[in-house]
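**Student:** Relevant sequence annotations retrieved from Swiss-Prot are reproduced here:
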type    : residues                                 : note
BINDING : K141, E178, F179, D187, R211, S212, N213 : ATP binding site
BINDING : D248, E260                               : Mn(2+) 1 binding site
BINDING : D248, E260                               : Mg(2+) 1 binding site
BINDING : E260, N262                               : Mg(2+) 2 binding site
BINDING : E260, N262                               : Mn(2+) 2 binding site
DOMAIN  : 104-287                                  : domain 'ATP-grasp'
Amino acid sequence: MKIAVLSRNSRLYSTRRLMEAAQSRGHQIRVVDPLRCYMNIATSNPEIHYKGQKLEAFDAVIPRIGASITFYGTAVLRQFEMLGTYPLNESQGISRSRDKLRSMQLLSREGVGMPATGFAHSPDDTDDLMQLVGGSPVVIKLLEGTQGIGVVLAETRKAASSVIQALRGLKAHFLVQEFIEEAGGADIRCLVVGGKVVAAMKRQGKEGEFRSNLHRGGSASLVRITPKERATAVKAAKVLGLNVCGVDILRANSGPVIMEVNSSPGLEGIETATGKDVAGMIIEFIERNRKPGKTGTKGRRG
């Protein structure tokens, strides 16, 4: 197969591992910077051009699109879909996962466990919003934040009101969620490939830090997940329409609750913690499932 990896940096661990896994199985693989792609949309024969030349045809495309380039990156991916290239994750699924509010609405509708979550516009509704999620302490989360950036723990109602007021002044959109204290600053990252959890790790925030992201100094270790946690991760991936994703789960007293679904999960932490060849599993999934033009969207739906 000829495989394209949409990535801005070929030296990143995840990109390198995917290339190694594909090449070891005899596939041709090329890293394509999505921001250097430009598209011919007006004709009946859609094209993608790259650094001054028409891009050759690929059998499959692996999107490793950073959150900061979601809009343009998914536009490029849609163009690949229109050309009949098999996408590991479709543009629609990535767009859903990157919209924290939309993804929470979809997960809630399908009965997936999640923390009490509120969203409001008017400052007059702040007190009621706090009550909706059970009162302080609360977690206030920017909709466009990643890797723990833009996430604040407000331990009192006064602190929460101050943070909310400041964010409204910046015209920022945010969610207010209940704080799952019993999680103890830890979460479970489940790596889903093709409707199965193929690896899982526990991420523990450093002392005094409620965020468990490895980018925030957290540590990772192998963990045994429960059948309910496994089912929750698989269902979340299915609801958002993702073949491959990282599902972040908190262990609440009420059971597993979803914090986030990452459509471009990093591989370094989970491969190191579990010793599993996740990159190889991803390439094997493409081998089993790739068919020309096999995409639910074909670029037609947003």
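Placement of Cβ uses the backbone N, Cα and C atoms for every residue, glycine included.
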**Student:** Measuring CA to CA, name the entry from the binding-site residues D248, E260, N262 that ends up nearest K141 (ATP binding site).
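**Tutor:** With Cα distances computed to K141 (ATP binding site), the winner among D248, E260, N262 is E260.
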**Student:** CA-CA, which of the binding-site residues E178, F179, D187, D248 lies nearest N262 (Mg(2+) 2 binding site)?
**Tutor:** D248
**Student:** Between E260 (Mn(2+) 1 binding site) and F179 (ATP binding site), how far is it from one CA atom to the other, in Å?
**Tutor:** 14
**Student:** When you measure from the Cβ of E178 (ATP binding site), how many other Cβ atoms are you left with inside 10 Å?
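**Tutor:** Taking every protein chain into account, the count is 20.
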**Student:** With H, G and I counted as helix, E and B as strand and the rest as coil, say where DSSP puts F179 (ATP binding site).
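**Tutor:** DSSP call for F179 (ATP binding site): coil, neither helix nor strand.
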**Student:** In the structure shown, which of the binding-site residues D187, D248 has the fewest Cβ neighbours within 10 Å?
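**Tutor:** Ranked by other Cβ atoms within 10 Å, the binding-site residues D187, D248 bottom out at D248.
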**Student:** How many Å lie between the Cα of D187 (ATP binding site) and the Cα of D248 (Mn(2+) 1 binding site)?
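**Tutor:** That separation, Cα to Cα, works out to 6 Å.
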**Student:** Among all protein chains shown, how many Cβ atoms are found within 10 Å of the Cβ of K141 (ATP binding site), not counting that one?
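**Tutor:** There are 19 such Cβ atoms around K141 (ATP binding site).
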**Student:** For E260 (Mn(2+) 1 binding site), list the number of other Cβ atoms lying within 10 Å of its Cβ atom.
**Tutor:** 19
